[in-house]
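Below is one structure; the comments refer to it alone.
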């Protein structure tokens, strides 16, 4: 809401957002990028936000993880006992007895592991959830305390929401259950080696030589992965900005048929994100391959060396195997840490930017409690020799030694042309910025010496673009004062003349206002903003074009309200309109950052050559109504009016806001008060009905083009899966060899060693292949889903975006987080599933060939393992669904607050926003904690069952050996084959959490992809007229906004507009004037009745073509964060479509060429987010040029000149007059000067056309609506 300051950009604006030339800018960006690549936070810093209970949870979780990790080495010891029991008692009657004792120990171990595993998972998941929540709110809190300059230069709303929804998930992943898993695996590793040294140190030492190699491979991999993932994040952040801009300005996009362009630029950015995800996949695979290669080779070494030890050092075969197995189990667990390491790396990269922001000390700190707090202030304001330039454009001086004194209780008005620096004065008094040198004093004390929060609480700001938050009217007003009572709020609405219209709304004070206050008309929003300022009871009142957005009737009443409020307060007014200014105690005329004149209205008029007199004369030219005085007032007023409106826009120029508002002022009103509610209750079904389940086949079908890639990947995964069970056979063969005579032992140990190396080489080839192929398939799928979903969303009818669950913040979160999750369902999940199936299958085959009876017995028990896995998946699923959308609501709170940071700052509402945010987060956090408990139980239980299965199988084996049905060797072959298979299977269950989240994500994405747009701009069918005359007819229209079905806008509206004529629509704020424009553009369709163009029903015409015939200039122009040239060319559909000469011709017509050429980079100036770097008047002229480039047959002007001061307004009006020739033009306006020359004036009242005719005829109707509107203007300006 860069309203004030940057708007003041007027002057400011002459500079692009950075002072470097574009080329240099790109280079520095590249340098920054390269630095950014490797930026990470040291791991322990991720836990900087843990409190004492978190520390306790982490300690318990770590103890559990260590216990759980140690269970494996202990199991191998028991296993050594088993080999001995079997070996020594093969032919013994005691075998069952001896073995069953060992088996019982297995059961005890299982029980211990159950407890440890529960602690590990539950504690880590819960603490991860808690800390992530704390990081989110700390981040939001620091974002809110930053100085306004930070938002001008370093960040934007899209980025903040992206970090809060996307990056915190990565951080939570890195500090939650993954840490527990990591500790578990590491303790298996360490514990294993300690036991191995006890059993046989020499052999262990030999095997240890491979560890450094393993570690190096792992480290290299982590490094590469981190790099690739931060590169991917950077690319995706750019794509997110495209989403935010497009959906936030959907009406502008639709009107200029810019959907194609948005889709193309989105695709460009997601393709670069795709490339880095492939790199990431390949490097992970390569790392794993190298690790396994080293691992199997070290095995080969151990077997050859172990054979040597048996011959030379008298080791027993059992001891050698024991050492080898322990070392294997230990090192294997090290290999399994890779997903954890990847997650840590991604979390550290994500945390870097967030923590940098959290650490940033703002230059102007709202939370700083130091500084003076006085009993009260008188309210003298002085600017002393102030030098200032906006942080976004440091080389452009706004003030160069500016001074101004306003005594307490006085009303000072600042006038001057657009861009002279008027609003900058207000930004400095609010201390949004500090001057470079010089001082701003209140009661003679430098503003910097006061406690910021306290001094802001003494200042009330009503700006030209009031920003409201997505909550109820009551909550919006309550921002003015902490703990305000309902009585105080009601009194404030009375004073601000808002009580009447609020009472009419179905829910009264509890009516929800939409994103950026879209559900209300401009005048209504302004009155709520005034009520909010009144509630504060400020000593100093700052009015930045406060009444400009109102029509004559409301403006008069609001002005009276303001006059009442201004009594005994120091008031600073920025205005174009003289009527507002004349009664001020002092008028200061500002020109290019200098005060050229000051005095009262009458004093300044005495100097007929003075700047003030010239401004007044300018306004009179625009008018020839009765007396010059009157006229001047009224036109000024209007102009002002306008300004404000325009202003409005920049605030949050979400286009949605924009449009609605524009769309009719009131529509405004009518439009939305419900919408949010609706979003939740009536239309709300959308948010409440569970989304239909998406079948996996449907998602898989999207991956169709990658079938060859997936097939190859599957083959690789299958080979990879078979490696471990094969490994099991080899071990049992080796055990056999170790008990053979010396010469055979020597020969066999060499042979098996070579086989092991071969196994390693296979792994080295297969692993990277598998990862790379699945990364390609998964990456392409994500890219395809993102572009499908975005493409579909962009073509939705405008009404769809009025629902809160489709706001720009929510859509951004859907596209970034959900699409990534879906990949887990197809690519990653498939690769893992195939690998596990292969492990299981090969394990079973090997087991059955060895001893079918034993294999069958074990097989019967396998479902136990399966059931437990299933239970775990089921539990994970239950909770992830709502948690995600709940966080979406919370991120909407953040989106609102960051988008309106000036309002939050001036009302010291940071605490309030934080409370709302925390309230929205409570539910999801509770769910996360519940999920932790249940997952912990499931996880622990799976271990217990596993150990019981082992105990039973060995007991059964002992029985079979006793009965002579199998040999001790085969028992081990069955055991190893199945253990290895089980390890594979248990790995797959670790992926359970992702699949449940992914299904929910898929449902939310497919809900968009499957929805039929009611008014689809991508639909190429429909008639296209050869040549358009421009006759428009509206017959018997009735209309209500879909979001507020209970408020009727049009009842039975009829209006005929002849080709080439100009029709002006007038009426009160909220009568539905702008709605006519929305309907002509087919943003909405009427509920009944017909609209025709040249006799053809609009619905029968091709939508895209229809919109290309119309040029819209709204009261709040939406510009994109791109160059001026690109913004103008947007009218043509793309920068390539418009030639340089067309662009310049359009700019000249719109009277914009002069100011564009005077900026350093001319047409290559970047206008900033929502056009912030330009002043209101400049934005408007660029918007007019954009409409002109289209060469439209029909021109729609919705308060188009309202935001301009007298000088620019005259010139733009001339431009418009030139453009309007021979075009059908529809003008919505408050200001008489604009309306008088129209061929037909239509007065809209109560949903119908009450009067129509020319100015001359209508003015003569005694007591007519038009005549009384004109009369109002006159008196108001008097």
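Positions of Cβ are set from backbone N, Cα and C atoms, glycine also.
Here is what Swiss-Prot records for this protein:
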BINDING   416, 417, 418, 419, 420, 421, 422, 423  ATP 1 binding site
BINDING   1067, 1068, 1069, 1070, 1071, 1072, 1073, 1074  ATP 2 binding site
COMPBIAS  629-654  compositional bias 'Polar residues'
CARBOHYD  483  N-linked glycosylation site
CARBOHYD  568  N-linked glycosylation site
CARBOHYD  653  N-linked glycosylation site
CARBOHYD  806  N-linked glycosylation site
CARBOHYD  1121  N-linked glycosylation site
CARBOHYD  1222  N-linked glycosylation site
REGION    1-35  region 'Disordered'
REGION    629-656  region 'Disordered'
TRANSMEM  55-75  transmembrane segment
TRANSMEM  106-126  transmembrane segment
TRANSMEM  182-202  transmembrane segment
TRANSMEM  205-225  transmembrane segment
TRANSMEM  285-305  transmembrane segment
TRANSMEM  314-334  transmembrane segment
TRANSMEM  711-731  transmembrane segment
TRANSMEM  751-771  transmembrane segment
TRANSMEM  824-844  transmembrane segment
TRANSMEM  845-865  transmembrane segment
TRANSMEM  932-952  transmembrane segment
TRANSMEM  971-991  transmembrane segment
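All features noted in Swiss-Prot, drawn onto the structure.
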residue: 416; record: ATP 1 binding site; DSSP (3 states): coil
residue: 421; record: ATP 1 binding site; DSSP (3 states): coil
residue: 1067; record: ATP 2 binding site; DSSP (3 states): coil
residue: 1073; record: ATP 2 binding site; DSSP (3 states): helix
residue: 1121; record: N-linked glycosylation site; DSSP (3 states): coil
residue: 1222; record: N-linked glycosylation site; DSSP (3 states): coil
Length of the line joining the Cα atoms of residue 1068 (ATP 2 binding site) and residue 416 (ATP 1 binding site), in Å: 28
Most CB pairs under 8 Å with the transmembrane segment (182-202): which of 55-75, 106-126, 285-305, 845-865, 932-952? 55-75
Which listed residue (1069, 1121) has most other Cβ within 10 Å, given these are recorded positions: 1069
Outside the transmembrane segment (205-225), six or more residues from its ends: residues with CB under 8 Å to it: 193, 196, 279-280, 283-284, 286-288, 290-291, 294-295, 297-298, 301-302, 305, 323-324, 327, 331, 334-335, 337-338, 341-342, 344-346
Rounded to a whole angstrom, what is the C-alpha distance between residue 420 (ATP 1 binding site) and residue 483 (N-linked glycosylation site)? 39
Of the recorded positions 418, 421, 806, which sits closest to residue 1067 (ATP 2 binding site) by Cα distance? 418
Can you grab the distance from residue 806 (N-linked glycosylation site) over to residue 1121 (N-linked glycosylation site)? Cα atoms, rounded to a whole Å. 22
What is the number of other Cβ atoms found within 10 Å of the Cβ of residue 483 (N-linked glycosylation site)? 6
If you measure residue 419 (ATP 1 binding site) to residue 1073 (ATP 2 binding site) at Cα, how many Å is it? 30
Determine whether the transmembrane segment (106-126) and the transmembrane segment (932-952) share at least three Cβ pairs under 8 Å, counting only pairs 6 or more apart in sequence. yes
Taking the transmembrane segment (285-305) as the first stretch and the transmembrane segment (751-771) as the second, find out whether 3 or more Cβ pairs fall under 8 Å, excluding pairs closer than 6 in sequence. yes
Out of 420, 1222, give me whichever of these recorded positions has the highest number of other Cβ atoms within 10 Å. 420
Please tell me which one of the binding-site residues listed here (416, 422, 1071) sits closest to residue 568 (N-linked glycosylation site), measuring Cα to Cα? 422
Within a 10 Å radius around the Cβ, which one of these binding-site residues has the most neighbouring Cβ atoms: 419, 1067, 1072? 1072
For residue 416 (ATP 1 binding site), write down the residues of its own chain that are at least 6 apart in sequence and whose Cβ falls under 8 Å from its Cβ; none is a fine answer. 422, 589, 590, 591, 611, 615, 1205
How big is the gap, in Å, between the Cα of residue 417 (ATP 1 binding site) and that of residue 1222 (N-linked glycosylation site), rounded to a whole number? 32
Sorry to bug you, but what's the C-alpha spacing from residue 1222 (N-linked glycosylation site) to residue 1071 (ATP 2 binding site), rounded to the closest Å? 28
Around the Cβ of residue 1071 (ATP 2 binding site), other Cβ atoms within 10 Å, all chains included, total 27
Between residue 1074 (ATP 2 binding site) and residue 1121 (N-linked glycosylation site), the C-alpha gap once rounded to whole angstrom: 26
Candidates 418, 483, 1121, 1222 (recorded positions) - the one closest to residue 1069 (ATP 2 binding site) by CA: 418
Work out the three-state DSSP category of residue 568 (N-linked glycosylation site). coil
